Amino acid sequence: MEEDLFQLRQLPVVKFRRTGESSRSDEDGISGEHEVQIEGVRTELEPVELEDGAAVPKEFANPTDDTFMVEDAVEAIGFGKFQWKLSVITGLAWANAMEMMILSILAPQLHCEWRLPSWQVALLTSVVFVGMMSSSTLWGNISDQYGRKTGLKISVLWTLYYGILSGFAPVYSWILVLRGLVGFGIGGVPQSVTLYAEFLPMKARAKCILLIEVFWALGTVFEVLLAVLVMPTLGWRWLLILSALPLLLFAGLCFWLPESARYDVLSGNQEKALATLKRIATENGAPMPLGKLVISRQEDRGKMKDLFTPHFRWTTLLLWFIWFSNAFSYYGLVLLTTEFFQAGDVCSISSRRQEVKAKCSLTCEYLTEEDYTDLLWTTLSEFPGVLVTLWIIDRIGRKKTMALSFLVFSFCSLLLFLCVGRNVLTVLLFIGRAFISGGFQAAYVYTPEVYPTATRALGLGTCSGMARVGALITPFIAQVMLESSVYLTLVVYSGCCLLAALASCFLPIETKGRGLQESSHKEWGQEMVGRGSHSAG
């Protein structure tokens, strides 16, 4: 016995330290170094370095060490069949652009059929933006409190119900109220991006969110083509009903949608989150990470004050201005395009405005086939914007992509000071709209990436609400101020985008190459930025 003890004392006591990744939870409070000590035996430790991926010898390994977070599982499972299905279903919700595009078709039709004055026609458009502005924060709060799937389903079903009901409106007051309620529902549809982003691996996230924006462009194109077929024969009521078709398809397929695993973990529903991750792994044909799913620290969700903590205060304020500028400039350009095309060039617009003033406000002009063709060409400019943004966003980063988009739009606005011909005017307007829509898409990528899971939906909702404020204000610039001075109008849009470009550069966080933050109690990106390098340091 004494001889055995003597031999044991001669053995070195070793400790193992991983130089690669460590996926320990914060609650463990253990450093990742394992020491084996025997009382009465010398305590000098000889470190043994284990390379990344090397297994600890089984006689020293602790089976409870293997833990993973939702981010680890999403990255390990990767992009596959599940994400393709999710892209199509959330894309159907995103095709609610049809409900927005229909405003430019419905307004002149009702102006003629019900003999509405111009202010009532304008109010029909404004009430939709009022509904969106008033509900965006509410839908974000619902999505953070009760789940992304819950908020998205309710908002889509709300929009579907009132969208179809507005096709039966007997008088102007009814359709005004019903379209306002449609706008209230549309305010929650951007939460589809929140749900979608939380299922995407890091490398595919930017590209996939940008590609889902294609559904917006497809929705606008489909609405114009539908109007060409339906308006001459069935009329505007059937157009309103048929425009709800993508949302009807979503309502039929939404039972397939799972709740976000990130949300389930944050709300303490570990088993449901694990079941969702296993389902994704099965559909993608990929293995699940071994070990135990780490439960995030329980924290309040959907609290407005969390958007103004020291880590996120400047990010929130700058993003609000960026989203405001995006919508202000985007919808302003849409309104200016009609004015410029009807006048022929910028220099002729003042004389044309004087002619319009001389006309009766009840002058009725139905949309012609040529008008529908112009609408179609205008909407097609969205696709180059998607392609350009898709190409540069992972090369130069999210912040620089937004800044570049604002700068190009501002430059195109300044070039309109020149009395260019219609062809050059068309090119400048096309480029300007492509880049401002690309900037909008980059903001949709950046915003859900920068906020933690507890406030992600609320952050996106408040930003979307600020965008609707810009959309409400821009008609007073693009139509009212335009009557006084064309050049002052262009200076306002150009100056706003220059300031937005600076705001993009001053954003304190760049999310390129980063994972989604789970907890607001950690330094931003602490869990995700090369977990291996974090533990090696």
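In case you wondered, yes, glycine gets a Cβ from its N, Cα and C as well.
A TrEMBL annotation is a machine prediction, not a hand-curated record.
Per TrEMBL, the features are as follows:
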DOMAIN    85-512  domain 'Major facilitator superfamily (MFS) profile'
TRANSMEM  86-107  transmembrane segment
TRANSMEM  119-142  transmembrane segment
TRANSMEM  154-175  transmembrane segment
TRANSMEM  209-230  transmembrane segment
TRANSMEM  236-257  transmembrane segment
TRANSMEM  311-331  transmembrane segment
TRANSMEM  401-418  transmembrane segment
TRANSMEM  424-446  transmembrane segment
TRANSMEM  458-478  transmembrane segment
TRANSMEM  490-509  transmembrane segment
REGION    518-537  region 'Disordered'
Field: In contact by Cβ distance (the transmembrane segment (311-331), the transmembrane segment (490-509); 3 or more pairs under 8 Å)
entry: yes
Message: Can you tell me which recorded stretch out of 119-142, 154-175, 209-230 has the most Cβ pairs within less than 8 Å of the transmembrane segment (458-478)?
response: 119-142
Field: When counting Cβ pairs under 8 Å to the transmembrane segment (236-257), the leader among 86-107, 209-230, 311-331, 401-418, 424-446
entry: 86-107
Message: Is it the case that the transmembrane segment (209-230) and the transmembrane segment (424-446) touch, counting contact as three or more CB pairs under 8 Å in which the residues of each pair are 6 or more positions apart?
response: yes
Field: Beyond the flanks of the transmembrane segment (86-107) by 6 or more, those residues with Cβ under 8 Å of it
entry: 121, 124-125, 128, 152, 156, 159, 163, 182, 186, 189, 192-193, 195-196, 199, 208, 211-220, 222-224, 226-227, 231, 236, 239-240, 243-244, 246-247, 249-250, 253-254, 256-257, 367, 375, 379
Field: Surrounding residues of the transmembrane segment (119-142) on its own chain - C-beta under 8 Å, 6+ positions past either end
entry: 99-100, 103, 106-108, 110-111, 150-151, 154-155, 172, 175-176, 179-188, 190-191, 302, 304, 457-462, 464-465, 468-469, 471-472, 475
